[in-house]
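Engineer: Marked as transmembrane segment by TrEMBL: 12-30, 36-54, 96-118, 237-263, 275-296, 308-326, 363-385, 421-443, 463-485.
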Amino acid sequence: MKNFAYLSQKQHRFCSFFPHSLGFFVHFLAFHVHPFFVQLCYFVILSLLGYLGLKVSKPRTPVRPNDLDLFYTSVSASTVSSMVAVEMEVFSNSQLILLTLLMFVGGEVFTSVLDLIFARYKFTQSVQNKVPTHHSYQTQSEFSPVEHICGLDKNNDNTNPFSPTKKPPINANQIELGLVSIDHSESENHKPSDSKLPDTYLQFLQIKKTKSNINVPKGTVESFNDSDRLKYNCLSFLTFVVLGYLVVVQFVGFSFVSLYITLVPSARQVLKNKGIKIATFSLFTIVSTFASCGFIPTNENMMVFKKNSGLLLLVLPHILLGNTLYPPCLRLVIMALKRVTRREEYSHLLKNFKDVGYDHMLSALHCCLLVATVLGFNLVQFVMFCSVEWNTKIMEGLNVYEKVVASLFQVTNARHSGESVFDLSSISSAILVLFVVMMYLPPYTTFLPVREHENDVKRNEKSVVECLVFSQLSYLVIFIILICITESNSLKEDPLNFNVLNITLEVISAYGNVGLSMGYSCARQLKPDATCKDSWVGFSGRWSSKGKFILILVMFFGRLKKFNMKGGKAWNLS
């Protein structure tokens, strides 16, 4: 093509990173595969690669974990679920670094960066296909059915790059236009030949220039309107902002945790006794916490640092920054960048966040209500936890300050992070039920007394697939029943360890990608087994192979639950 527009040049540079042999595959994934299956394949492949890495690398102990436990651990790290089937101190330094990488690329913030890159590719492809040029001039009737479904027809100006479904057309008079400066030399290189352009397209350009009152630089072809340019810039800017947020927050956390352990003898001695490097522990812990995974390189998780209140306070903010409070923090970062740079793109992101289609961009009102909801949930948990557990055995040896910090750390982790400073098997059943409810709630659960206006028209008729899809709770009940069937013998022979409450907590923890577990104790066996040996693994680590496989499915299901949050709407219980 002789005459490239602004977005065409950007797209050409973006696609140059991909080999030509992968071009068709990327395009196929973008426009012909539902995002659910794309992400499912991503996590499955990631888990398989992690398993192979753990398999070929050497552990610290001479006895290697079995293949199922290695794959279970890889899935747990990739889906940031932190369900433990192998003692963490079994893994060597290289294996810990591999698990750190799996948690980093499996975290929600990082995968959202990939979504933005993928969305930018889809958007530029959609714009190029819907805008006529002298090489490719198509009318609406010339689009294939697949392109029409994907939203590539020219009447769909507001294609959501995150969704394969078509959105309703938006009035062009309601779109904010912006100018993007183009170098003069670049404009001359792309000087159009008007005689080669169709008359209809020349009329389109003339009308657009007249209505928008934009002084177009001499020799510039506006193959793409300014709203498309602005949206493309917003996607690009947002990608770099999220990536910068991801790197900076974790780098700062890594630096402070490393400094703390270096300066505090008690924390440093713990790692020295266990043979864990300070840098490895700091990086692993911060990445795991920010990704809301909950893995810690020590067997005891954070229980061994129960009295190191400073370390708990340094780790605590990352639980919120990478999960429940990520949207408000992202909005604050964009507001700060808008004030400093005064770029139009940041203003557009704040005012028209729905046009970008990024799920983590919320309105100012929604962000405020989300913050209030998160703090409210934590306050309720903190008050209940302290009221019930303040003078119990789990608090022995702690002063008032250490009790407050440890309690705050524990209740905050009950929502999606899963790090523990207390043994859950020693916590009262009332608090465990509260934790189950908190783990079940999605991260952006918000109390909204005022509903925001939605433009989407609700359909009265439901498709066959929508009628067959169950609710999230229904699937969890099915999983719990299946696990009770696979572990039926243990439920009969060892009821103190294997009971419905413990199984429910384990399943909900895997579904919520939290990682809290009741563990297993040989002392609770009704029929003592001389061969039983206590180990620092989760309760599911003692399950049968069938039970572990079902829980692997639950971890995948929980990681992709955002695609089925509205399931079960076809059922009427009235």
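Every residue, even glycine, has its Cβ placed from backbone N, Cα and C.
Have a look at these and tell me how they're positioned relative to everything else.
Structural biologist: With a cut-off of 8 Å between Cβ atoms, the residues of this chain six or more beyond the transmembrane segment (36-54) that come close are 29, 67, 70-71, 73-75, 77-79, 91, 95, 98-99, 102, 105-106, 111, 114, 556, 559-560, 563.
Long-range contacts of the transmembrane segment (96-118) within the same chain, counting only residues at least 6 positions beyond its ends with a Cβ under 8 Å from a Cβ of the stretch, are 30, 39, 42-43, 46, 50, 53-54, 57, 73-74, 77-80, 161-162, 235, 238-239, 242-243, 245-246, 276, 280, 283-284, 287-288, 290-293, 295, 297, 322-323, 326, 358-360, 443, 559.
Note on the transmembrane segment (237-263): residues 109-110, 112-113, 116-117, 120, 271, 278-279, 281-283, 285-287, 289-290, 310-311, 314-315, 317-318, 321-322, 329-330, 333-334, 337, 343, 345-346, 349, 356, 358, 361 of its chain, located 6 or more positions outside it, place their CB under 8 angstroms from a CB of the stretch.
Beyond the ends of the transmembrane segment (421-443), by six or more residues, the same chain brings 108, 292, 301-303, 305-306, 312, 323-324, 377, 381, 384-385, 388-389, 392-394, 406, 409-410, 414-415, 476, 501, 504-505, 508-509, 511-512, 514, 516-519, 521, 561-562, 565 to within a C-beta distance below 8 angstroms of the stretch.
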Engineer: Near the transmembrane segment (308-326), which same-chain residues lie under 8 Å Cβ to Cβ, leaving out any that are not at least 6 residues past its ends?
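Structural biologist: Non-local partners: 107-109, 249-250, 253, 256-257, 260-261, 264, 266-267, 285-286, 289-292, 302, 360, 370-371, 374, 401-402, 405-406, 408-409, 412-413, 415-417, 419, 421, 443-444.
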